[in-house]
Amino acid sequence: MYFLSLPSLVIVIPVGYLLFHLGYNLFFHPLRGYPGPLLWRASSLPWKIALLRGTMHHDLMRFHQKYGDTVRIKPDEISYANAQAWRDIHAHVPGRPEFLKDPVRLPLAPNGVMSILVSDTKNHARFRSLFGHAFSDKGLRTQESTIVQYADLLVEVLREVADTGRSAEMVYYFNMAIFDSIGALSFGESFDSLKSRQLHPWVDAIHKNLKSVAISHVLRSMGIEFLTPYVLPKELRGKRQENYSYAVEKLNKRMKMEGDQGDFWDKVLVKSADDNQRGDGMSAGEMLNNAAVMVVAGSETTASALSGAMYLLCLSGKIEKATAEIRKSFASPEDIDLISVSHLPYLTAVIDETLRMYPAVPGQPPRVVPASGATVCGRFVPEETRVGVSHLATYFADYNFTHADKFIPERHLQKTEEPFKYDNYGAYQPWSVGLRNCIGRNLAYAEVRLTLAKLLWHFDFTLDVDKTGNFLDQKIWSIWAKRELYMFIKTRGTSSSSPQ
């Protein structure tokens, strides 16, 4: 009888197992009937590579264009690009278990404590209740002076680079302004980036930490997350702890302040101090993790929306129409406030269209189908399957939006008119839907509206096409890895400062 040698067995057994695994995923797996690229259906390796490279959501756009609104992108994961999926996956349905976020794709804090981003249904509701006042209309009115203060300070800083004939890098300035604002709203004090004309190092730590999070996600999916410190590139090592340390320092200072500061923590600290062990306040560890989440979510989303809006306005030529609406509506910049800018229809349409083409949070973790399975888009999906809606694939699909690849703010003002009356606006959910939709949506809209209004009232902007290139061609690690955005700035009423 012939027996394979030991060296041969070392090769044959793993190869045989691999072939069996690939064959099962393609021909016998419960999701075998879903379309998708062959290698992605057979193995999770292409998915891991795309996640590490930051190209996942651009790949999903290509796949949905080829295979339709439902695509299998991993042996156990399905991506959707339609309105029904938002409702089936994210909407709250009484009596139905929640589709929880995939734990493999969630960033874990060094202290292992939950935050509003990483929590079960019960604790998520507790966190939202505690932060509810800060993000309510009443809370926004309290925060308005802070938002106005940093928008005005941004205007003053941009005066230094206006009318020089040289283009200014706007992502840098938006990051400074919004990071200062969110610092004041999160911790009762600014990071003073605009005053120092220098970005706080926490911004760099945030961006590099997100890349390291992608690496840890891949290793966690393989059961070897403990190797993360050993495989991270040198420049990324320690960024997770550095990001955490900044939050510790700032929150400790905030907790020592007496009285209301007009920030996110006023009601939380009072409620937590008076908790009496009922469990409806926050522990110190929970406050810390939520503080870190608020800074990242509150600064990056708004800075991205501002950058995207300015680029798309200038590239499309729509900036003249937006500027005209603002200057016609306000005789003085002091007249610009949160209430008045909310009544500018075209500016609001500009923001909505920006978030369609350049969503503030392009990468969201998929949800996990609960026990016993569920029906998604008319088909039964077995439990433990990962399911999600791709923002970019959904918003750039021609079956959802007319001229989907074009920046047309008017589509949001003419929903019942040709050619936009057939657009599927239910598919447009930049802030998600359901119980876990973005709690900071109103604040983000307020900051973007007011900042754009202030800038377009004071200045004329022209895109420096040569230095900027295609601004939308960016990688994504949960948030955009933003390119530089160069613009010529001239003070309103002066001659053009851009080169002829």
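Using N, Cα and C of the backbone, Cβ positions are placed for all residues, glycine too.
A quick note: this is a predicted structure, and the numbers were derived from the prediction, not measured.
According to Swiss-Prot, the transmembrane segment annotation covers 3-23, on the basis of sequence analysis.
Taken residue by residue with DSSP, Asn243 (N-linked glycosylation site) is part of a helix. Annotated N-linked glycosylation site per Swiss-Prot: Asn243 (among others), in sequence order, evidence recorded as sequence analysis.
The annotation N-linked glycosylation site is assigned in Swiss-Prot to Asn400 (among others) on the grounds of sequence analysis. According to DSSP, Asn400 (N-linked glycosylation site) is assigned to coil rather than to any helix or strand.
Neighbours of Cys438 (heme binding site), defined as other CB atoms within 10 A of its CB across all chains, total 18. Summarising the annotation, Swiss-Prot assigns heme binding site to Cys438 and lists similarity to another entry as the type of evidence.
Cβ neighbour count within 10 Å across all protein chains ranks Asn243 highest among the glycosylation sites Asn243, Asn400.
Across the fold, the C-alpha of Cys438 (heme binding site) and the C-alpha of Asn400 (N-linked glycosylation site) stand 23 Å from each other. Between the CA atoms of Asn243 (N-linked glycosylation site) and Asn400 (N-linked glycosylation site) there is a gap of 39 Å, rounded to the nearest whole number. Cys438 (heme binding site) falls outside any helix or strand according to DSSP and counts as coil.
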